[in-house]
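Everything on this sheet refers to the single structure shown next.
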Amino acid sequence: MSVPLLKIGVVLSTMAMITNWMSQTLPSLVGLNTTKLTAAQGGYPDRSIGVLPANPEESWQVYSSAQDSEGRCVCTVVAPQQTMCSRDARTKQLRQLLEKVQNMTQSIQVLDQRTQRDLQYVVKMEDQLRGLETKFRQVEENHKQNIAKQYKVIKAKMAELRPLIPVLEEYKADARLVQQFKEEVQNLTSSLSLLQQEMGAYDYDDLHSRVISLEERLRACMQKLACGKLTGISDAITIKTSGSRFGSWMTDPLAPEGDTRVWYMDGYHNNRFVREYKSMADFMTSDNFTSHRLPHPWSGTGQVVYNGSIYFNKFQSNMIIKFDFKTSTISKSQRLDNAGYSNTYHYAWGGHSDIDLMVDEGGLWAVYATNQNAGNIVISKLHPLTLHIIQSWTTNHPRRSAGESFMICGTLYVTNGYSGGTKVYYAYHTNSSTYEYIDIVLQNKYSHISMLDYNPRDRALYAWNNGHQVLYNVTLFHVIRSEQL
């Protein structure tokens with residue numbers, strides 16, 4: 001019997017969940033308090049003069065001057081900072097540490113929300129398991145009074161579920177780990193706060209190493225809980241209605257925080273112009289855009305924008321081109337050896353869709369077919385800088401029978417068609433080189449899907465549906481394998 005797996009549901013939203021739980025601690029660490037200077041001489045009334053802390057000078061400065069009743073000159077001056085100088089190299093290093101801790105705090109908050117939500121499911125599941133075990137024991141004690149068939153079914157069910165109990169314990173340990181991360185960051189923030197108040201009280205190098213260590217552990221923990229198996233797709237969310245029947249649109253999953261630009265490409269061949277919208281809001285409500293001219297027309301709708309560059313298949317070839325938007329130049333081009341092109345091994349809807357480029361949590365992928373694999377789908381992991389193939393997997397699924405496909409967490413998901421009733425029905429797992437048939441409904445709201453891609457940052461599917469740009473939220477189940485089993 002195969003090792004049972006516990007699937008913990010993690011519903012991932014496209015909306016960011018960032019709430020700083022240390023808001024009561026960090027405000028005092030940012031900037032310096034405003035200083036008040038008071039001038040009172042002779043017959044002059046007291047005056048409070050505000051001095052902004054930004055870019056303080058290191059020398060004495062005259063702030064105001066006047067004469068008193070006896071004709072003497074009275075000057076009010078600003079003294080140099082008596083605490084830390086903002087230009088001091090160690091202070092800059094400290095502020096960089098504070099920014100890093102704040103970023104980690106936000107990541108921990110998101111991770112904590114997911115873990116706490118899943119932990120509630122775990123506790124409920126654990127009660128059900130233990131209840132079933134009790135019931136089984138009762139049945140076993142009185143098995144002579146029960147029908148043999150019922151006894152056999154219950155016993156088999158219990159044998160399947162009993163090993164999941166230690167897995168539940170492991171997941172609860174993950175929740176305790178997240179709590180430990182929160183406490184460590186809070187302690188580290190307190191140390192940084194004291195260090196800013198009194199420079200030299202703590203060793204900077206030690207604090208820096210603690211931040212780096214905690215950051216690495218947090219990244220590993222988040223990577224463990226980030227991926228999962230696709231179990232559900234929401235109804236289509238229509239973002240805009242524009243363009244022809246075929247096309248593609250996307251955002252950059254590696255764009256810096258705050259960069260929500262939308263990239264839009266109408267048609268599947270004989271076009272070189274990519275539209276850039278400043279934000280999703282601009283894309284939805286206006287027609288203001290910047291146009292980028294590519295050096296070659298693209299083929300199909302399998303383009304992807306990744307880390308500031310667009311990757312596309314050059315028309316009537318199996319050439320992959322990486323075009324840098326910042327420099328408006330080709331930074332790399334590479335042939336995808338043996339890959340079919342020019343409607344040789346296209347998706348079921350046609351449209352020169354022989355080569356489909358896509359991105360997931362693991363990086364850049366190409367999905368295509370070759371004569372050597374009898375026209376069945378080939379999956380290749382590409383190096384984003386050199387475009388060389390890192391590793392390839394051959395599947396048994398005919399490329400022309402696929403409606404569309406997309407990658408999530410190293411698994412290729414394939415739809416059964418592009419029009420009418422559509423579902424995701426085939427999954428190939430590159431981590432185990434195995435496949436399975438599944439049944440997940442995909443709402444085909446406008447009856448013709450010519451582009452379907454996953455964005456790992458938004459945790460959403462982007463689709464071009466008969467001249468409509470739509471989004472789908474996805475449901476992923478996190479799978480934990482217990483080493484104890």
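For all residues, glycine too, the Cβ spot is worked out from N, Cα and C.
Curation plays no part in TrEMBL annotations; they are all automatic predictions.
As recorded in TrEMBL:
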type	residues	note
SIGNAL	1-16	signal peptide
COILED	94-142	coiled coil
DOMAIN	226-478	domain 'Olfactomedin-like'
DISULFID	C227-C409	disulfide bond
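Sequence-distant contacts of C227 (disulfide bond), defined by Cβ-Cβ distance under 8 angstroms and a gap of at least six in the same chain, are E361, I408, C409, G410, L476, H478. Just so you know, the Cβ of C409 (disulfide bond) picks up 20 other Cβ atoms within 10 Å once every protein chain is counted. Mean model confidence of the coiled coil (94-142) amounts to 70 (pLDDT, 0 to 100 scale).
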